[in-house]
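S.K.: The structure that follows is given in the form of structure tokens.
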């Protein structure tokens with residue numbers, strides 16, 4: 001990998017780092033990864049590994065203050081490792097990419113704790129600006145924050161991507177072939193983890209029939225995700241209307257019951 | 001940026017007619033657009049801290065409105081306004097558009113001695129909207145867009161990421177932008193009518209249902225577990241995978257995912273990453289042994 005390529009990758013990492021905390025348009029592996037393929041000239045590998053990581057980390061995301069493993073640097077390193085080590089989109093290449101991505105993601109997670117500490121310094125600064133009553137002053141903090149956020153991932157990514165040259169090749173050369181292909185098979189089980197996390201967040205009591213419906217649509221009818229989504233959408237909207245009608249009927253029933261009681265009371269009088 | 005505060009003759013006249021608003025100038029659509037761009041560019045996370053969380057970002061997004069409202073206010077009022085929005089705020093990026101819109105509307109309609117209402121409304125809305133934002137955007141829409149995109153990407157098709165970007169961001173941007181506009185225009189009546197709770201619940205219900213159906217389909221398509229073990233009895237060989245497929249295709253992936261789902265009751269989420277390593281290790285051992293293919 002040339003110096004320019006490493007530089008471009010680290011610039012992209014920096015931008016994604018800003019984006020993850022700011023606009024949140026590119027926070028997922030599938031959107032982060034393909035640009036690396038563009039820079040390194042192997043789009044197919046980049047797409048396959050980003051797609052695998054996307055499914056694997058589907059349920060992961062920063063929620064309620066918990067810092068998850070860093071998907072951005074993980075994806076970038078994972079994709080560039082499997083492209084530069086020459087394994088490409090073979091099962092071994094995917095396995096190497098996934099393993100590298102996961103390891104790096106965990107390491108960078110610690111770096112993000114440091115970022116939290118630095119951001120803590122913004123608070124007294126903001127309080128001081130508030131005392132001046134200058135509305136535009138608060139912009140200074142944001143600009144510093146953007147630069148800091150950019151550097152936070154750009155620098156380590158450059159170091160890892162530029163100096164990993166050869167290291168991964170040597171590691172891959174040492175590991176026996178059958179273990180590598182085993183790793184590839186194991187990697188294809190991993191989407192289960194992301195989906196299980198997603199399930200804990202979505203499943204509430206009565207939703208089991210819907211899960212089975214989706215499963216059946218794909219196992220027996222061999223439908224892919226897009227048609228399933230469209231079927232699900234129309235199904236959900238119909239279900240909602242039916243529930244609404246039932247609620248209305250219930251309401252009417254209780255209302256008429258109330259008026260009946262009223263009538264009887266009047267009659268008694 | 002100071003030229004933004006200039007007030008046209010027309011606006012001044014309009015202001016004279018609404019005496020209850022004191023010295024305030026009316027918020028324009030342009031201000032709301034500026035609020036949107038600030039939310040879009042700086043988000044909520046860049047300046048988040050441990051104590052006041054996303055307060056600095058919230059104040060940053062509110063500045064266009066504050067500048068308009070407090071253009072002629074004295075220093076004390078301006079300081080108070082800034083401090084008011086530096087109080088603890090924690091919500092979700094996309095859903096915060098609506099909170100910003102409603103907060104702007106309340107800032108505009110309240111007098112200086114009623115400003116407690118601003119803090120109360122913000123505090124009341126950030127929790128529920130964070131819940132909706134997380135469950136609808138971060139989980140459901142992101143997962144659906146991601147899985148549609150991943151399906152194409154795994155075949156090496158560049159349409160995947162593009163499709164994911166368009167699906168996710170069309171909804172993301174629309175909800176942010178129209179959240180601000182709608183929040184500002186009919187925010188207060190909306191909260192008071194109790195209508196919003198019903199609509200929000202409907203949105204959550206529909207998107208959760210769609211999400212769960214898609215989830216079932218994803219388990220069937222993307223989790224791959226194939227048993228390679230063959231049982232030999234005399235002259236006949238029985239392939240275990242064929243037996244399992246006879247019961248139900250993709251049975252093992254379903255059972256394994258359900259197992260992981262149940263496992264999370266006994267294991268905090270932060271250990272999930274070690275689970276990934278565990279599955280990689282165990283899977284490799286089984287594959288080398290020929291049990292998995």
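Cβ from N, Cα, C; glycine included.
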S.K.: To which of the residue ranges A:69-88, A:249-268 does TrEMBL assign the term transmembrane segment?
M.R.: A:69-88
S.K.: For the annotation transmembrane segment in TrEMBL, which listed range does it cover: A:179-198, A:199-218?
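M.R.: Based on what TrEMBL states, transmembrane segment spans A:179-198.
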S.K.: Within the same chain, where does the transmembrane segment (A:139-159) have neighbours whose Cβ lies under 8 angstroms from its own Cβ atoms, ignoring anything closer than 6 residues to its ends? I mean 6 or more beyond.
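M.R.: Same-chain residues near the transmembrane segment (A:139-159) but 6 or more away: 6-7, 9-11, 13-18, 21-22, 70, 72-73, 76-77, 108, 111-112, 115, 118-119, 122, 125-126, 129.
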S.K.: Against the transmembrane segment (A:69-88), which of these stretches has the most C-beta pairs under 8 Å: A:32-57, A:179-198, A:227-246?
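M.R.: Checked against A:32-57, A:179-198, A:227-246; highest Cβ contact count belongs to A:32-57.
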